[in-house]
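Undergrad: Can you keep this structure in mind? I'll have questions shortly.
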């Protein structure tokens, strides 16, 4: 779908700081309520087995049931994960990193190490791009006036940077998570970038980070390994390498982009 954004109207005055504070307070309250509900569920479900061995056995049984479900439905499983992840990213739930790690862990148990890694990267890559594009389209066609009122300066910055650098600006934002995921989606929805360009640049830019997170998740131990081993025994090379990659990835991406931008400038001189 190749469509350009409608002509931007003059931005209205920005919303008051009090409105932003209320939004942040609501998000914190919702997260606290969700955590309290989860803790309550654990106590109700496993209250009589909250010793270490009993709880480990109960959680391991849930893990085994979930893995068995996935193995019995090898095609439906990635489709279900794709749908759930797409919905989560479309509404910008602040848990995408944890979801990606969990999917890497789960797909390893369901499909095996290498097939699980490939399936996880493909599923999350398309799901994250699908969710981002839905948020982009909602911003463009449904929420444009509201977003311009709330974030006039940021919208102007997106527009100016896109005019100056083209799609490479979006690629840079996707490769280095310096700007919140949701803000990229809604901000780009108010620029003239075409939907297809937004899709493929986003997918390409998010792919390296997706692969690193899926690999890191695939190295996480299962419930039995956690229960039977001490923390030092769990530090085999796989998790160490995975989390070293997570830590180093933003720095490596910044360095690569800096070199890429410096080469044309040096050639011009």
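FYI, residue positions are counted from 1 along the chain as it appears here.
Just so it is clear, glycine is given a Cβ too, placed from its N, Cα and C backbone atoms.
Taken from TrEMBL, the feature domain 'VTT' applies to 100-219. TrEMBL lists 25-46, 82-107, 119-143, 168-186, 198-216, 236-257 with the feature transmembrane segment.
Walk me through where these features lie, including what they touch and how far apart they are.
TA: Within the chain, the transmembrane segment (82-107) has long-range Cβ neighbours (under 8 A, six or more residues past its boundaries) at 27, 31, 66-67, 70, 116-117, 119-120, 123-124, 126-128, 130-132, 134-135, 138, 181-182, 185, 210, 213-220.
Same-chain residues lying 6+ beyond the ends of the transmembrane segment (168-186) with a Cβ under 8 Å from its Cβ atoms: 89, 92, 96, 132, 135-136, 138-139, 143, 147, 151, 154, 161-162, 193, 198, 201-202, 204-206, 208-209, 250, 253-254, 257.
Within the chain carrying the transmembrane segment (198-216), a Cβ under 8 angstroms from the stretch's Cβ atoms is held by residues 97, 100-101, 103-104, 107, 117, 120-121, 124-126, 128-129, 132-133, 136, 167, 170-175, 177, 188, 239, 242-243, 245-246, 249, 253, all 6 or more beyond its ends.
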Undergrad: What else in the chain is close to the transmembrane segment (236-257), if you only count residues 6 or more beyond its ends and a Cβ gap under 8 Å?
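TA: For the transmembrane segment (236-257), the list is 172, 175-177, 208-209, 212-213, 215-216, 218-221.
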